[in-house]
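Before any comments, here is the structure.
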Ligand SMILES: Nc1ncnc2c1ncn2[C@@H]1O[C@H](COP(=O)(O)OP(=O)(O)OP(=O)(O)O)[C@@H](O)[C@H]1O
């Protein structure tokens, strides 16, 4: 029997949270004549935000609430919403809405007003950043360096064995532009060239496609450009949503810089690049007990270029605050993998931006023309690209789109690992191709990829092997060694609860360790749970401790027998000890959800799917999980669950794509409502 469409029934049956119900109740108290349909929509708009959506689509209500409900006809429901005094219906995609109305109905979505305003602020902020024209006049002068950076200089340099002193304008002397291969089909070169001409750039691509390498080269170019123009060195910030991701990014930049100096690029230019990264919260400056930051539109960040990695993890409010804090004239470069899971909090911002920015596969004609000094002839000027079938056509969406930034999508993977041949599997999962995925998994030909079909309990089936890893952590000679060992292996799960959930697995692993004598009662332990060798995952940001959501540490006994929790410091050789009782919120980390593992990598990943289909599963979840592996992947699950996961997208309701496309305010709003395929029930993990 279907559930009646009344506020009380939906609440009583547990489909609404107390918070959602309270919002609806408060509207009813203020105006008892408010129809139930409006109250329920308000409650569902609140529920939608908790599940990662920017708003709620009444036409697709069944996507949000998985229950058999007598939903009203969408058109009637929308009419009631539009007629309600609680609901603003602004005529313009970025005009502030009526502050008296707590809800906004726009483009098929019902928003809590605050989230609609975040979308507007973000759209306007990106518009402001992207429409500033950088000084792109001296591109000719940059050409030698550009070609040295991008035209695979290594063979030329090795032959010539140039000492660092033989440099001209940052480029190794002797590199003859004409002798170098053309850059017309090098997407990394496109990305860097586009960033010299535009202030807003998105660089997307899967793991190891060279996003960080490309940006490092771009930053060297910006440094050279400033030097040539007699300007001070550019002030550059490297940031990411989590501490771990920021660290990984800075590490990749350091490695890329090292490679450039070894290849003869001017060390003075390379020295201008930052050696460290920071979290977005730290960059913006948190204010205790406030959702506001120290840096905002009136106190912008003191940087000329802000580079942000793992952009898919950034939620709507944080991205809105970030773009507002980017000063006029500064560059914003967003790096990310659009096939990974969207942000845990509301927004799915990266996909919204990408929807407006086009697919990043081709250069626009004006860019190709203007960037000729750097890229060479990108397309023959005498042929119209669209007619000729030439690859250098306008970027997709350009003709009917006002988005001011540029997007470059990198596809070629460079991270060579003879141990792990993940690329074909990642591509099949990304494309939702179940047949290919299963045949690759079952074929057992991909090096480093192991399929454990129908395995539901790796702890039982592979007990000794897994246990050996965890006991080795406890036997490490030093905290630094234990932390280095810790990233060798991780069990990743789709869900938090249940037999294949991270929480239950951690409990079982701890009892296994206890049986093996490791996790027993500890002398001078600050609590029963803090045993020598316990892996910890921090689950909230603490600026006081400089510990951030996603940081991994390990409990180890010190010389006096006291157990301390060790976390990485600035120098990998010197981890930082904390008294476990003083740590911010944390949990065990032998197993963790794929969501928590975003931004991290491990040598060996055991990706454990639930035995039965669960709505958190999606192709993005499987893709994110398996791409965390550096040298070995063990995938445990059934063919049915894999097929069902790959059939679903983890996307969200958002109006950002059309809003960005419709800005500036020229009244050109696309007609079709933007909606997503599936809903992710993130409350489950
Ligand atoms: N054009 C290139 N030629 C040769 N090697 C490259 C090139 N671009 C990147 N690489 C190498 O590929 C590896 C991955 O590069 P990088 O870290 O920049 O990728 P990424 O896209 O930022 O990866 P992730 O998303 O995992 O952080 C590095 O070892 C880098 O040196």
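Cβ atoms here come from the backbone N, Cα and C positions, even for glycine.
For 205, 206, 207, 208, 209, 210, 211, 212, the entry in TrEMBL reads ATP binding site. Annotation comment: TrEMBL describes 13-111 as domain 'RecBCD enzyme subunit RecD N-terminal'. According to TrEMBL, the domain 'UvrD-like helicase C-terminal' annotation covers 589-635.
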Given the binding-site residues 206, 207, 208, 210, 211, 212, return the subset with CB under 6 A from an atom of ligand 1, ordered by sequence, or none if empty.
207, 208, 210, 211, 212
Does residue 209 (ATP binding site) have same-chain partners at least 6 apart in sequence with Cβ under 8 Å from its own Cβ, and which are they?
410, 411, 412, 413, 414
Specify the secondary structure state of residue 206 (ATP binding site) as given by DSSP, simplified to three classes.
coil
So what sits near residue 210 (ATP binding site) in its own chain, CB-to-CB under 8 Å and at least six residues off in sequence?
188, 410, 412, 414
For residue 212 (ATP binding site), name the DSSP secondary structure in the helix/strand/coil scheme.
helix
What number of additional C-beta atoms lies within 10 angstroms of the C-beta atom of residue 208 (ATP binding site)?
19
Kindly report the helix/strand/coil residue split of the domain 'RecBCD enzyme subunit RecD N-terminal' (13-111) according to DSSP, in that order.
45 helix, 11 strand, 43 coil
Using a 10 Å radius around its CB, how many other CB atoms surround residue 205 (ATP binding site)?
24
Given the ATP site residues 205, 206, 207, 208, 209, 210, 211, 212, which other residues of that chain have a Cβ within 8 Å of the mean position of their Cβ atoms, reported in sequence order?
337, 410, 413, 414, 415
Hey, what's the Cβ neighbour count for residue 206 (ATP binding site) at 10 Å?
23
In sequence order, which residues at least six apart in the same chain have a CB under 8 Å from the CB of residue 212 (ATP binding site)?
249, 252, 253, 256, 309, 335
Could you give the mean pLDDT over the domain 'RecBCD enzyme subunit RecD N-terminal' (13-111), rounded to a whole number?
93
Which residue counts does DSSP yield for the domain 'UvrD-like helicase C-terminal' (589-635) in the helix, strand and coil classes, in that order?
12 helix, 17 strand, 18 coil
Can you check which residues sit near residue 207 (ATP binding site), meaning Cβ under 8 Å from its Cβ, same chain, 6 or more apart in sequence, and list them in order?
337, 413, 415, 426, 601, 627
Among all the protein chains here, how many other CB atoms are within 10 A of the CB of residue 211 (ATP binding site)?
25
